[in-house]
Amino acid sequence: MGKREDIKKILVIGSGPIVIGQAAEFDYAGTQACQALKEEGYEVILVNSNPATIMTDTTMADRVYIEPLTLEFVSRIIRMERPDGILPTLGGQTGLNMAVELDQAGILKEYNVELLGTKLDSIQQAEDRDLFRALMKELNEPVPDSEIIHTLEEAYTFVERVGYPIIVRPAYTLGGTGGGLVYNEEDLVEIVTSGLKYSPVTQCLVEKSIAGFKEIEYEVMRDGKDHAIVVCNMENIDPVGVHTGDSIVVAPSQTLSDREYQMLRNSSLKIIRALGIEGGCNVQFALDPDSFQYYIIEVNPRVSRSSALASKATGYPIAKIAAKIAVGYTLDELLNPITQTTYASFEPALDYVVSKIPRWPFDKFEAANRSLGTQMKATGEVMAIGRNLEESLLKAVRSLEAGVYHLDQPDVNDLDKESLEKKLTKPDDERLFALGEAIRRGYTIEELWALTKIDRFFLRSFARIIQLETQLKENVGDLELLKEAKERGFSDMIIADLWGTSEQEVYELRMNHGLSPVYKMVDTCAAEFASATPYFYGTYEEENESERTDKKSILVLGSGPIRIGQGIEFDYATVHTVWAIKEAGYEAIIVNNNPETVSTDFSTSDKLYFEPLTVEDVMHIVNLEQPEGVIVQFGGQTAINLASELAARGVKIIGTALEDMDRAEDRDKFEQTLVELNIPQPLGDTATSIEEARQIAERIGYPVLVRPSYVLGGRAMEIVYKEEELLNYMAHAVKVNPKHPVLIDRYLTGKELEVDAISDGENVYIPGIMEHIERAGVHSGDSIAVYPPQTVPESLKQKLIERTIELARGLRIVGLLNIQFVWHKDDVYVLEVNPRSSRTVPFLSKVTGVPMANVATKVMLGKTLPQLGYETGYHPEAKEVSVKVPVFSFAKLRRVDITLGPEMKSTGEVMGRDKTLEKALYKGLIASGMSIPTHGSVLFTIADKDKQEAISLAKRFYQIGFSILATEGTAHILHEEGIPVTTVNKISDEKPHLLDVIRAGDAQFVINTLTRGKQPARDGFRIRRESVENGVVCLTSLDTAEALLRVLESITFSAESMPVMQ
């Protein structure tokens, strides 16, 4: 068939900001698609709202629009660009929904735009529950017995027919709010009632529960000529009942008999053919472990999180092939880019085991409900490759960077019998470690199977790990056991721990006996054909397949799994570094373990090592490759934390020297530097005990900001206003890290300003200054950032520029630098300095046109800024105003307080850019998912300290036609100011009260500022959660509310009566 010649211009829709359930895998898919289409000579137009992506780089498409992914804006782009075709299946759920909306609004028909790849009716057949069930019945494919109900009686009738347990899924609620598993009548009444209450159409789907069945996924591809293949099949270690995005997954499946494998394979191919999908598709099965009965759980007619995992697990580039199928190619016309000799119609074969473990945000959200169910909670994931299940699994565990290196977690080990068993029966993020502990306590495989329904094959594998632990403990220094432990994925650190010696000694013992890993290639064909790709994993075997070349090389450390505080921004910088290293004539080698990202695409670097980011794993690669040095500036805190350990082992760290990094990160050394440079910072001191903390706070005066030293994303930071709050914090936070003291600073109120700079040690170039809308005290990652600054006078800008240059020179920075200042009264004080790439690099690079990561890398490799065309100073400001708006995933995490503070909570970001601040903000807020009604009611519940400030906001809302609602205290003050206000009952008063108003949809905006004291039971917390769960915009910072008001004022007309004639 070949490619279609009748289309010239194609619009690709991205997936927008990173939220729980839709992470970096779509940047990887979108980037691949754009490259594939450009390769074929098509004109590519890309629209996406997320600036932290590689796909929104101007080199990726012919034209890039960073605009909100809404009907209004995408239609406008279609009108301007008039594309021939649109490719929505690479933009996740967002892209699919957009395509459906464009079609329903008649836009596609009006402008004659063809949907490429999977057709609309196929999308709807897979996505709509009723249509999907009908199709499965037609194909004779079993789906779980289910029914749609509107009353509790109907639920009883259903249970009488199928029996317990059942699953309740409310209609039109986000992420299964109100639903759950029902085991008995008591559950039934509670869950169905709550489900019907939460569903806006009072409707639930009840289905026979198949929790406990094996969950198996097939990743399939089909082309327009009806060729279909299975790229990869995967097995969830956690049985059905836990969302696949929250499950530990292995590929290929480990426990299926050949008959089961073929049965499910045939079924998945039959389904993709019946749906007429052209491209990639993911089919999820539930399989009864005791018979050949299976059910279809769901089908995703698009590239998904699983396809990113399948691509990295097999080396088969699903998104790239899907894009080519969309423009008419067939599988047997496309070469497999890994082997470059076989065709894409050849099913991949694996001679290794891949494990994926999710990374959850519970370290940031202590109060969140940690249990895992049908609603996804993980922010990211890690993947590891090994030659056996144990090796693969243990490598994945130590890739998580959650302070665990083995099936061993101190908190879990201290649990009593009852709590431990509860963790096994009701899964949460620590179940894997609970299994390890249970085996240590002597639980049998059968007992564990009864508690968890995890297949006995996996349980035996965990038991093998624990058994080896015991043998190591009893035989200190045994070389045979050491060899076996390394083959099974044990790290030196754990072996040293069991032997009571140091990691270094275990390492030396191995080196003396020639025990070090070899690197095997991922080649899609189990080494059947020769392969051209440089994609490797380490394992303890005989033959090494990774050859060192003659070219000088540089090793780049990636940033690991996506989590709050360390998002896709760092992967963006990593990819740019790799490209710059290649441009500078070196070989670029990357080490990373996140299957979702562009950096782990085998075509990004010259060599890719898919390995954990630990000292041991990185050192093995350094020993083999002998690079000129290692770059750690772009991998976030992950890479920075490895720097000193690597340097201690003689590795050259490229860029800012270690002792200079330490001068920026270590409190006392940093203060000394600031004093020498005569740059002011807020008063502060370091406390090592509770008593000392009390004295410091008393001396510098409340409010104070307290935090542990060395953190990313402000973990465990808090602003405290009085002594009892301080003592309460110290009791919880000093435990964060006893070796590291706690920092206590005077909390200065004022505007926060952020500066990114590039320095070669002498020359300093400043691409841009950003002004934060939220005052200091809200984490910079959770603030709306504006570029260029709108309210900063020229004289203050000069001061910022001078201080940034002095700091960069004073700290001898080589590479990137990020500084946060607070503008208090008439001066700017330094809050913190990060001697590395920061999360604003992608945003600033895009809005200023300065390729920051690229320039910084070349500087680190020895060029000076003037040689690259940059003199010391400030980059000319752009005329357009751009805003970076944070995006949160609160709807997916129940019990989490949404108040903004010094601890970061956002998972992603979007950008809005226009001629004025108001227009840019409108785009940014809309793109972040906020709905902005132009009339209705605003509910104020304000803390005493903010009441004066809230008056002017209420007045302005009233002037543009909003009704004002408020609780008694606030209402009284507004009334005195002559603002008409309706008083609403507090939660403790009789109904209807505050929460009823929010539930009934009678408030369009809720503005609620925090009353001190953090226990979630407080009214404020309930108000904020109720807003999130009912999709009402809730603002916890008056600054954000003011920004929203400016937008509303600019899009609504004022209605002022005429002045009275004199």
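Cβ from N, Cα, C; glycine included.
These numbers come from a predicted model, not from an experiment.
Swiss-Prot lists 1-401 with the feature region 'Carboxyphosphate synthetic domain', giving sequence analysis as the kind of evidence.
Marked as ATP 1 binding site by Swiss-Prot: R129, R169, G175, G176, K208, I210, E215, G241, V242, H243, Q284, E298. DSSP assigns E215 (ATP 1 binding site) to a strand in the three-state reduction. Around E215 (ATP 1 binding site), the same-chain residues at least 6 positions away in sequence with a Cβ under 8 Å from its Cβ are E235, N236, D238, P239, V240, V242, T244, S247, Q284, F285, A286, L287, I297.
Positions annotated as domain 'ATP-grasp 1' by Swiss-Prot: 133-327.
Within 10 Å of the C-beta of E298 (Mg(2+) 1 binding site) we count 14 further C-beta atoms, all protein chains included. Look at Swiss-Prot and you will find Q284, E298 tagged as Mg(2+) 1 binding site, backed by sequence analysis.
Annotation comment: Swiss-Prot describes Q284, E298 as Mn(2+) 1 binding site.
The annotation Mn(2+) 2 binding site is assigned in Swiss-Prot to E298, N300 on the grounds of sequence analysis. In this structure, E298 (Mg(2+) 1 binding site) is part of a beta strand by DSSP.
Long-range Cβ proximity for N300 (Mn(2+) 2 binding site), meaning a same-chain Cβ under 8 A and a gap of 6 or more residues, is found for A126, C281, N282, S306. Per Swiss-Prot, Mg(2+) 2 binding site is recorded for E298, N300.
Across the residues of the region 'Oligomerization domain' (402-546), the predicted structure has a mean pLDDT of 94. Sequence annotations record features per position, and here Swiss-Prot assigns region 'Oligomerization domain' to 402-546.
The region 'Carbamoyl phosphate synthetic domain' annotation in Swiss-Prot covers 547-929 and rests on sequence analysis.
Residues or ranges marked as domain 'ATP-grasp 2' by Swiss-Prot: 671-861.
G777 (ATP 2 binding site) has a Cβ environment of 20 other Cβ atoms inside 10 Å. What Swiss-Prot records for R707, R746, L748, E752, G777, V778, H779, S780, Q820, E832 is ATP 2 binding site.
Within 10 Å of the C-beta atom of E832 (Mg(2+) 3 binding site) sit 16 other C-beta atoms, taking all shown protein chains into account. Look at Swiss-Prot and you will find Q820, E832 tagged as Mg(2+) 3 binding site, backed by sequence analysis.
In the three-state DSSP scheme, E832 (Mg(2+) 3 binding site) falls into the strand class. As annotated by Swiss-Prot, Mn(2+) 3 binding site applies to Q820, E832, with the evidence given as sequence analysis.
Here Swiss-Prot flags E832, N834 as Mn(2+) 4 binding site, drawing on sequence analysis.
Annotated Mg(2+) 4 binding site per Swiss-Prot: E832, N834, in sequence order, evidence recorded as sequence analysis. Here N834 (Mn(2+) 4 binding site) comes close to A664, L817, N818, I819: these same-chain residues lie at least six apart in sequence, with C-beta atoms under 8 angstroms from its C-beta.
Annotation comment: Swiss-Prot describes 930-1062 as domain 'MGS-like'.
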Nearest of the binding-site residues (R129, H779, E832) to E298 (Mg(2+) 1 binding site) - Cα to Cα:
R129
Provide the three-state DSSP residue tally for the region 'Oligomerization domain' (402-546): helix first, then strand, then coil.
77 helix, 11 strand, 57 coil
When you rank R707, L748, G777, H779 by Cα distance to K208 (ATP 1 binding site), which of the binding-site residues ends up on top as the closest?
H779
Composition by DSSP (helix, strand, coil) of residues within the domain 'MGS-like' (930-1062):
56 helix, 24 strand, 53 coil
May I ask which residues of the same chain, at least 6 positions away in sequence, place their Cβ under 8 angstroms from the Cβ of Q820 (ATP 2 binding site)?
E752, L753, E754, V755, S780, V830, L831, E832, V833
Look at each of the binding-site residues, R129, K208, R707, H779, and point out the one with the fewest other Cβ atoms around it within 10 Å.
R129
Pairwise CA distance, R129 (ATP 1 binding site) versus G777 (ATP 2 binding site), rounded so that it is a whole Å:
45
Would you mind pulling the longest C-alpha to C-alpha span across R707, R746, L748, E752, G777, V778, H779, S780, Q820, E832, which the record has binding ATP 2, in angstrom?
18
Under a criterion of Cβ-Cβ distance under 8 Å and sequence separation of at least 6, what residues of the same chain contact L748 (ATP 2 binding site)?
P682, A776, V822, H824, Y829
Which number gives the other C-beta atoms within 10 angstroms of the C-beta of Q284 (ATP 1 binding site), all protein chains shown included?
20
What does DSSP assign K208 (ATP 1 binding site), in three states?
strand
